[in-house]
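What follows is a set of notes on a single structure, which appears directly below.
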Amino acid sequence: METWRKAIADSITTPEELAELLDIDPEPLAPLVRRYPLRITRRYLGLIGKPGDAIWRQCVPDPCELDDDQLSDPLDEERLSPVPGVIHRYPDRVVWLVSNECAVYCRFCMRKRRVGCPLAGSNGRSGDDAVRYIAATPAIRDVILSGGDPLLLDDERLEAILARLRAIPHVEMIRIGTRTPVTLPERITARLCRMLKRYHPLYVNTHFNHPREITPEATKACARLADTGIPLGNQTVLLAGVNDEPAIMTLLMQRLLAIRVRPYYIHQMDLVRGTGHFRTKVTTGLDIIGALRGHTSGMATPYFVIDAAGGKGKIPLLPDAVERRGDTWLLRNYRGEIVEYQDR
Ligand SMILES: *Cc1c(COP(=O)(O)O)cnc(C)c1O
Ligand code: SF4
């Protein structure tokens, strides 16, 4: 068995195991993990410093996940799905959910409704439907493999997907969204990278939420991908009690650049059932962008986006930076000073 498979097999999946390791009461967690599954790799669990810290909050189930009356799919992903597993919301790109499995089930996951569940049509038929849809839709030039985590598929299954997509002439690029560099860095093997290299242009977006997730192992995993010639981006979710402070977020963005990962998005939490205790106010995100923009490398400043309900798309937000008086633009710089720009 490959090392990463062993790490998955050895991960914590029951309240009893978790209770033993963390000295908590397993009782209230039992109904919870029947609804939303539990999995934590030993490596990720090892990053916990103390009860309730940033790592703990992301992976240890919290009973308040059950008292939340939001929708399970506020972004209408199921409605925007022409064939099972494909979300077609924007004209020229689709998300293809190729796996429902993850190394760690994040408690704040926007796809909480499906992660850890059996993949519908996992006998391969849904894959055929997805490929057929993409092949029959010439407008699609960008395919984003997501899930779950695509890198929980083994190399052969992943390669079969990449090869079928590459055979479609109008698919110009493929992206993979994965949290394995953080939660299962041993997944980024030399063998995987040799395989991926054959399917350029390939982009990988990782998912770091806290500077403490940037471990030596995560650094090595990202270096391997970058050395394979894969541009790396990062999507962070803004999470109460985890990274909702400008100083933490600034450090995270700077450290990501230091490991050759370019910050891409900071996501406002979606209004997904079971995740309300992570939600911050919009001003929290704006304050963070305000603290980043101009104060540190422009490359360290991602877009802060709200994914609009009903599948209306991601909308970037900036702190009040522009005001218009006819041909005069009043622009606010990073120190808050107003600068005039005259259109002519
Ligand atoms: C986020 C997302 C994309 C990709 O958006 P980009 O802004 O191009 O990264 C595509 N489709 C869906 C459904 C998405 O949620
Ligand atoms: S890795 Fe991504 S898809 Fe998986 S549980 Fe975490 S946020 Fe959800």
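Even glycines carry a Cβ here, placed using N, Cα and C.
TrEMBL annotations: computationally assigned, not manually curated.
Per TrEMBL, the feature domain 'Radical SAM core' maps to 88-300.
Per TrEMBL, the feature [4Fe-4S] cluster binding site maps to CYS102, CYS106, CYS109. Cβ neighbours of CYS102 ([4Fe-4S] cluster binding site) (same chain, under 8 Å, six or more residues apart in sequence): ARG39, CYS109, VAL115, GLY116, GLY147, GLY148, ASP149, LEU152, ARG179, THR183.
The feature N6-(pyridoxal phosphate)lysine is assigned by TrEMBL to LYS314. The Cβ of LYS314 (N6-(pyridoxal phosphate)lysine) lies under 8 Å from the Cβ of TYR265, VAL305, ILE306, ASP307, ALA308, each of which sits 6+ residues away along the same chain.
Around CYS109 ([4Fe-4S] cluster binding site), taking its Cβ as the centre, 22 other Cβ atoms fall within 10 Å, counting all chains.
Within 8 Å of the centroid defined by the CB atoms of CYS102, CYS106, CYS109, the record's [4Fe-4S] cluster site, lie the Cβ atoms of VAL104, TYR105, ARG107, PHE108, ARG111, LYS112, VAL115, ASP149, ARG179, excluding the listed residues themselves. Packing around CYS106 ([4Fe-4S] cluster binding site) is summarised by its Cβ count: 25 other Cβ atoms lie within 10 angstroms of its Cβ, all protein chains included. Only CYS102, CYS109 of the recorded positions listed as CYS102, CYS109, LYS314 bring a Cβ under 6 Å of any atom of ligand 2; the order follows the sequence.
DSSP classifies CYS106 ([4Fe-4S] cluster binding site) as coil under the three-state reduction.
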